[in-house]
Amino acid sequence: MAQVAMSALPAEDEESSESRMVVTFLMSALESMCKELAKSKAEVACIAVYETDVFVVGTERGRAFVNTRKDFQKDFVKYCVEEEEKAAEMHKMKCTTQANRMSVDAVEIETLRKTVEDYFCFCYGKALGKSTVVPVPYEKMLRDQSAVAVQGLPEGVAFKHPEHYDLATLKWILENKAGISFIIKRPFLEPKKHLGGRVMAADADRPMLSPGGSCGPIKVKTEPTEDSGISLEMAAVTVKEESEDPDYYQYNIQGSHHSSEGNEGAEVEVPAEDSTQHVPSETSEDPEVEVTIEDDDYSPPTKRPKSSEPPPPPPVPEPTNAGKRKVREFNFEKWNARITDLRKQVEELFERKYAQAIKAKGPVTIPYPLFQSHVEDLYVEGLPEGIPFRRPSTYGIPRLERILLAKERIRFVIKKHELLNSTREDLQLDKPASGVKEEWYARITKLRKMVDQLFCKKFAEALGSTEAKAVPYQKFEAYPNDLYVEGLPENIPFRSPSWYGIPRLEKIIQVGNRIKFVIKRPELLTHSTTEVTQPRTNTPVKEDWNVRITKLRKQVEEIFNLKFAQALGLTEAVKVPYPVFESNPEFLYVEGLPEGIPFRSPTWFGIPRLERIVRGSNKIKFVVKKPELVVSYLPPGMASKINTKALQSPKRPRSPGSNSKVPEIEVTVEGPNNNSPQTSTVRTPTQTNGSNVPFKPRGREFSFEAWNAKITDLKQKVENLFNEKCGEALGLKQAVKVPFALFESFPEDFYVEGLPEGVPFRRPSTFGIPRLEKILRNKAKIKFIIKKPEMFETAIKESTSSKSPPRKTNSSPSVNTTASGVEDLNIIQVTIPDDDNERLSKVEKARQLREQVNDLFSRKFGEAIGMGFPVKVPYRKITINPGCVVVDGMPPGVSFKAPSYLEISSMRRILDSAEFIKFTVIRPFPGLVINNQLVDQNESEGPVIQESAEASQLEVPATEEIKETDGSSQIKQEPDPTW
């Protein structure tokens, strides 16, 4: 706390010491409050006048600011003297009306002067490139008038401190303040550069102060009054600053002691007659410069070395004065190291608090988008005021420090734990809010297109061409020394525009004129073209890749089989029934897999994941809580060992009742000739052997009859399930046939809840085996919502009255034909009235839209991989390998999926924005290479490729039939229904 002893104020000898003690005590309390505010990064400055004492209290920056504003202190003391004198005068004598009017004028002049002074400070800050108020150095400007020019003042009025203007001038300045501006021409010169010896002497007499020391005497000139015995002499005022508070900097950050004392100079010493600084250095008088300057020097004033550094040579030749000026450059490395360390600390803090909230012991990942989407059910308490909860990478250094200071108070509040089970796909732009997100998507799409056009143009210029050419981004990443780009903004690497966000895209466009492509080895680009357009020339690489991935898959398969056998207590390896594990994750699962790798068949994995599994094979462990689920999938010899060792009842697995507990995969085992339940019961041992057929290694012969019987049975089961749920929604006990056309035409009034993720509501005849099995596993959650029962009943009556006699039979589901759904549509199309014809036209329109979208995607994908013709899109491969293929230009709210997953409205929007859609192959994946090779081998069989592209709308079966017609020798993999 700084205390100023001054004789300017009238002293009363009768004043009791108690009153002085009370004031001192209260100022100490105010000082403590300032320290607490400083810990929260708030800045305070306070000047108190009590009789003969002046107190300066506040935070470090607040005191520094007040100490630099000597005129402010002088005005405040002068104001207090005048106010006390006015109060005494008013108390002793009654003022006349004229005196009152004069008092009002004085107050008005004082107010106008303060307003003009604030506006001058604003204009000076604006001239320095700041949007905040910066104190005007009046003495320097008057001493060195050519350094800063002031425009817009009235003719004949020179620039000076507002206290020297009269009332008319003040009013004119405020009325025409829009025309007033400050122009900084050069930095201020040293006092000895001027000829005025008087000024030099005055400046020399004014001592330089250390931040923690005492200020020199302040000359305060007071106005004389009738009753005050104060003369016109200058009263000496001594200002004492309080010492630095070491506790304020008790929070130590790693790497905070390795810095210079530049910040100290920026905060305290700048205003102390430092006339040698550059113009940018003047901005350090503004408290907001703390954001930039503080990030450069990282230690508190009390812990900084006291050595001064000579500044770099300024634009104007000046003699160096190492004791007075501290000019330095921004140290990016130091700032980057500090902010990276702080963000890491905050990230670890958030993860630790989040783990405590969900009671998790291991490492956790915070779903930040979920917290932003469900602010009422998921939020964080205890964050400093004004700081929202976001990723630490979005905070700057001040906020990161405040968060760490408040780490004990931070707490994650999770009201609905079920929200944490949501997948990341739920948070994408599937259902964006209208307005902001659509505007953002349109903006980023436009910017990416502009940057892509810019890159193509610059790339063509580097090749000596005037026409834009597509940029081979992969080659630039592969050969950074021979192919690179100059002129990009700082810290922005050269990549495909689809990698950039809006800020980087805007920066690239701003510097578009200076961007230059450097191509030292043009033959690399020629080689790239041949690689893309003629993949057959690179067959040795593909063969090496095929050999490598085949070997790794076989190795992982052997590891899984061995670990599975160990879990069952067997010594010999046993084939793992992967679908059974997928269907029963509660009783059958695998522990110890590398992070981020789910348990699936090795044929799903690429080389990186296979290698990670092999490296961590020692940690892998199979957990089989219910062996009876897998017994039926083991060879007879192995099954008997399991029966004697693992199970309590030996005969249980061989009974027909136990087989009913096995998931619906058992349908695959039943041959198409098993028409009666008795036959299936008798052939139970045969089924046990045959049940291993779907899980044999790839390359075995695919049984179309078994697949056909299974998918037919599953479709019938799902249709019966839908009919039962529809009847329940109407409050009926019997099943009601679902009018699918009504659900498609009025999705707001008729819809279905509880379907598995990614499975739309459609006719069961359009689904493949995976979706049918998902629906049956999720049947308990499925619920039909019918908001208009009267419309529903009318549609049912019209449908039943117009159709031929019911076709319901009590025969076994396995007797149904294979393509019954399609045949039914054809029959109904001939026999039903006009209303149903309209419904069927919608179904036909949806089919046509799917074909058009599929053709569009195939054409764009073919362009992306360098083909001159459409290529079938591997939707499943793109989905399970995120980041390999990026699809830009999709409409807002529509994510990239197979056309069979898309709604009609989404497909129409995709076709409307067809010209903006673009596939970008970031890195190849196994399916992409195999697909290219497959297309090359079948170039002469154009119709076959076209058929497969058209058939993708109905999902798997059609594709599998086409592949099957080529002979079983070409089938190297399991049937992949959704590829």
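Cβ atoms here come from the backbone N, Cα and C positions, even for glycine.
Looking up the ranges 300-307, 652-659 in Swiss-Prot, the one annotated as motif 'Nuclear localization signal' turns out to be 300-307. Range 205-231 is the one annotated as region 'Disordered', of 205-231, 826-852 (source: Swiss-Prot). Between the CA atoms of Lys842 (SUMO2 cross-link) and Lys872 (SUMO2 cross-link) there is a gap of 26 Å, rounded to the nearest whole number. Around Lys86 (SUMO2 cross-link), a 10 Å sphere centred on its CB holds 14 further CB atoms from the protein chains shown. Fewest other C-beta atoms within 10 angstroms, among the recorded sites Lys92, Lys507, Lys842, Lys872, are seen around Lys92.
The secondary structure of Lys842 (SUMO2 cross-link), as reduced to three states from DSSP, is helical.
Secondary structure from DSSP puts Lys872 (SUMO2 cross-link) in coil.
Taking the Cα atom of each, Lys86 (SUMO2 cross-link) and Lys92 (SUMO2 cross-link) are about 10 angstrom apart. It is 101 Å from the Cα atom of Lys92 (SUMO2 cross-link) to that of Lys872 (SUMO2 cross-link). The DSSP breakdown of the repeat 'GTF2I-like 2' (333-427) into helical (H, G, I), extended (E, B) and coil residues amounts to 53 helix, 8 strand, 34 coil.
A separation of roughly 37 Å, to the nearest angstrom, links the Cα atoms of Lys507 (SUMO2 cross-link) and Lys872 (SUMO2 cross-link).
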